[in-house]
There are 2 protein chains.
Amino acid sequence: MKKLSIIKIGGNVIENKQELSTFLKLFAKLDGLKILVHGGGKLATQLATKLGIQSKMVAGRRITDAETLEVITMVYAGLANKNIVAQLQAHKCNAIGLSGADGNMIQAHKRPVTEIDYGFAGDVDDVNKNIISKLLKADLTPVFCAMTHDGEGQLLNTNADTIASEIAIAMSAFYETTLYYCFEKKGVLQNIKDEDSVISQINNRSYTKLLNEGIIVDGMIPKIDNCFYAVERGVEKVCIGHHSMLATKDGLFTTITL
Amino acid sequence: MKKLSIIKIGGNVIENKQELSTFLKLFAKLDGLKILVHGGGKLATQLATKLGIQSKMVAGRRITDAETLEVITMVYAGLANKNIVAQLQAHKCNAIGLSGADGNMIQAHKRPVTEIDYGFAGDVDDVNKNIISKLLKADLTPVFCAMTHDGEGQLLNTNADTIASEIAIAMSAFYETTLYYCFEKKGVLQNIKDEDSVISQINNRSYTKLLNEGIIVDGMIPKIDNCFYAVERGVEKVCIGHHSMLATKDGLFTTITL
């Protein structure tokens, strides 16, 4: 099986032109088949503010009303995606920018309304691994923004972490996949006050222990649960850390396996 | 040789949700291989106005400064392109939205500064016919927005009519191409006051006559020159008319051949 890397970058990189440029140089140099997944970070909120649209958040999640969906479509699929693609092209990486609607690559459904109506937020149903594989075979590097569609004409805002893991899971049918979650920190920390106290390996058993000891808490729990969700469904391993981990494979970052 | 239709829709269709929906239903039903090309019409100007960015026009052409390029990237490649793709998917047309940067499909250079500095406006150098052909063979329908790139990381605003003709010319190496320019009128008119006085055929010889007789004047001249540019470079024929011509091949519209 050929290897395939799926890399998700955080909003902090998208927002910062210098950081983004550094990351894209790194990404372009990365050997082998690869897929990039991104959101739009604060860029969408900034545009919404300029347009006088209030960003509504509930429990850390954006409520995507019709106006907000337009902003997200402009920022994620337009501004962020096409600038990333143009820059990767300059580094001789043959990138192709995509939303989940393009080529029907990521099908989703509007999240059902319960106590909260998330608006046009999409939960992924299916990733079209065959068409993504065709792009990879044509020497193209897919760059997905965090949008999907319902197949009935509706675009949907979808969490970029979820898109990355669903793509990695689907592509595991054809490739040996590694999923990289890039964020500000060097990895999962043993001691929250020590930025270098990175736990290098977490598996199912050690995760239970880390949870019981209260070392992994709060927002880190859903993040790691999402990683286990991926490795339990065929992804070889998930790496969490700063994007510089892509350059130095023996550097500090956390690897999650079964 | 297989047949390929390249259809360029006007800004008046993009701006009007109802018109766009009617057109996309028609386009989805169109038999055979096809490519859609679109700009953003007044949507970009509307967003620029909301953001307090003044649209600068010289001789009917937009001056694309850095701020305007951002607006165009958001509207053309984001809002317009992805909504078209999502709607086509609903009609079971497997659309894939693209800018010229994606897959390095349309390479251009920034228009040189003479008396006028057009800013980030691109003139097309090359269309990557091999990669577009691969998409068509994968049963995908490319939907191009009016943007190109210079290969060095710079996105460029490029006239949609030009993009359509350059794609049609390039694809003529592999396919028997027909280029459709859709606009508000039913075709080139014999009598400007009679909307139904459509000239059904124009060739090189009759064009000279129409010019000498003063029947074709003003803005219609560069439009038709652009059509001849295409047929002289391998495009089988160019059809000009209202988009309803796609449904009724024996209706009123103008066909331009050598």
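For all residues, glycine too, the Cβ spot is worked out from N, Cα and C.
Note that the coordinates shown come from a computational prediction; the quantities given were computed from them, not determined experimentally.
The substrate binding site feature in TrEMBL is assigned to B:GLY40, B:GLY41, B:ARG62, B:ASN157. All protein chains included, B:GLY40 (substrate binding site) registers 27 other Cβ atoms within 10 Å of its own Cβ.
Annotation comment: TrEMBL describes B:4-241 as domain 'Aspartate/glutamate/uridylate kinase'.
Secondary structure from DSSP puts B:LYS8 (site 'Transition state stabilizer') in a beta strand. Within the same chain, residues at least 6 positions away in sequence whose Cβ sits under 8 Å from that of B:LYS8 (site 'Transition state stabilizer') are B:LEU36, B:VAL37, B:HIS38, B:ALA160, B:ASP161, B:ILE163, B:ALA164, B:LEU179, B:TYR180, B:TYR181, B:CYS182. Summarising the annotation, TrEMBL assigns site 'Transition state stabilizer' to B:LYS8 (among others).
Annotation for B:LYS223 (site 'Transition state stabilizer'): spatial neighbours B:ASP161, B:TYR181, B:ILE240, criterion Cβ-Cβ under 8 Å with sequence separation of six or more. DSSP gives B:LYS223 (site 'Transition state stabilizer') a helix state. According to TrEMBL, the feature site 'Transition state stabilizer' maps to B:LYS223 (among others).
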Chain-internal residues, separated by at least six, CB under 8 A from B:ARG62 (substrate binding site): B:SER55, B:LYS56, B:THR68, B:ALA121, B:ASN157
Binding-site residues compared (B:GLY41, B:ASN157) - highest count of Cβ atoms within 10 Å: B:ASN157
DSSP three-state assignment (helix, strand or coil) for B:ASN157 (substrate binding site): strand
